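Note sheet for the following structure.
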């Protein structure tokens, strides 16, 4: 099934100013590290006529880098609410205010001699990324036909990895990686924002939002005609009406309401575990070790940034491959397979790092493990996690679900950034055994609990989970009744299985 030409263009318009910004702002800060630190030192000297202490410099630099995470947490906590009030498209367009303001502040920081502007700019970049990560997958999941929902949803992952790769390339000396260009480099975040403001207004609001949230039948039909084409429009409208009929009397849910609703218990547990695992599965550790592995393999220090661009390109290509495979292999196969392959890579990487000095071949095997791990991550967990978050909930619960999953993701990002140096210090190369445990347990959970969602409507997926909830409920009720009906003085009968024959 080929999409109507408007659909991929709408995906591009949503993603270029959305999750592309997240990936771009994560990687863009790494290139000018030394130059920004020189700027902080110079500014401090001009203000206080003394050099800043090493600890003070480290603290300011860490604040500039890590305040992005705090901004992300703020963004994701307001993104769901904004998506209900302003609509999905309206929120994405409004979100560019944060990006444009951040670009202005960071671009002027050197001229103004103020590193505080950098801190505020990075905070606003984080807010922009948090809102985008919450609302953009919501928009993509709601504008796509059922048969193309997975491929469309992969736009989130493809543009994150594309943003990371673009940031790495822009930071090279041949582009904007020279000392005098670092303010321009950090302010280039305005380009994707302007692109989105120009392109996205030409595309419609989410048809599901228009019909279910706003009751705008005519607007929904018009949006479906533009996004799906005339031939697919009626079937899509029928599907949305079915979902609306199932939700009569329901209002947009708040995050805390989901926690108290037993009917979405397993969906909620699933997205919490998957979003935690997305940050705690070792992908950050791989990038941390990449420089060391490249040096050990004999790559000159000045060439390592180019090898790092290779890892970004690898992840981007894998995300594209996942987008092509997801509708034929399904979500469950890709994400379970990805975590299994990552588990294998954790074992092999631990072994190759342990025997690094035994033979000259081991550094090259370690390099192969770096790329294999990144490929495995991009093939499953990197792309499928956001798609499942969109698919496991119905319209009224979906924004709240994205607020919860996004908050968990950002908190896990902050947590791993905080404790990772201590994990490496304590376990050294054996830290990958911790990540092996995470990847293995998540693969087992997905295999036994998460249903395949390929080619299923949101209502059908909801029914799958309802039947799963009923089975679990019957199992626990049955166990309780057996315990209650067993006499306290029955001695050995307490240990008899309910499946054993009566004596």
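The backbone N, Cα and C atoms fix where each Cβ goes, glycine too.
Lifted from TrEMBL, the feature list:
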- 11-454: domain 'Major facilitator superfamily (MFS) profile' (DOMAIN)
- 59-80: transmembrane segment (TRANSMEM)
- 92-113: transmembrane segment (TRANSMEM)
- 119-140: transmembrane segment (TRANSMEM)
- 147-169: transmembrane segment (TRANSMEM)
- 181-203: transmembrane segment (TRANSMEM)
- 333-355: transmembrane segment (TRANSMEM)
- 361-388: transmembrane segment (TRANSMEM)
- 400-424: transmembrane segment (TRANSMEM)
- 430-450: transmembrane segment (TRANSMEM)
- 470-503: region 'Disordered' (REGION)
- 478-488: compositional bias 'Polar residues' (COMPBIAS)
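The average pLDDT computed for the domain 'Major facilitator superfamily (MFS) profile' (11-454) is 92. With a cut-off of 8 Å between Cβ atoms, the residues of this chain six or more beyond the transmembrane segment (59-80) that come close are 22, 25-26, 29, 33, 36-37, 40, 52, 91, 98, 115, 118-119, 122-135, 255, 399-400, 402-403, 406-407, 409-411, 413-414, 417. Just going by CB pairs under 8 A, the stretch in 119-140, 147-169, 400-424 that sits most against the transmembrane segment (361-388) is 147-169. Long-range contacts of the transmembrane segment (119-140) within its own chain (CB-CB distance under 8 A, at least 6 residues past either end) are made by residues 11, 14-15, 17-19, 21-22, 25, 29, 63-65, 67-80, 82-83, 88-89, 91-92, 95-96, 98-99, 101-103, 105-106, 109, 152-153, 155-156, 186, 189, 206, 386-387, 389-390, 398-399, 402-403, 406, 409-410.
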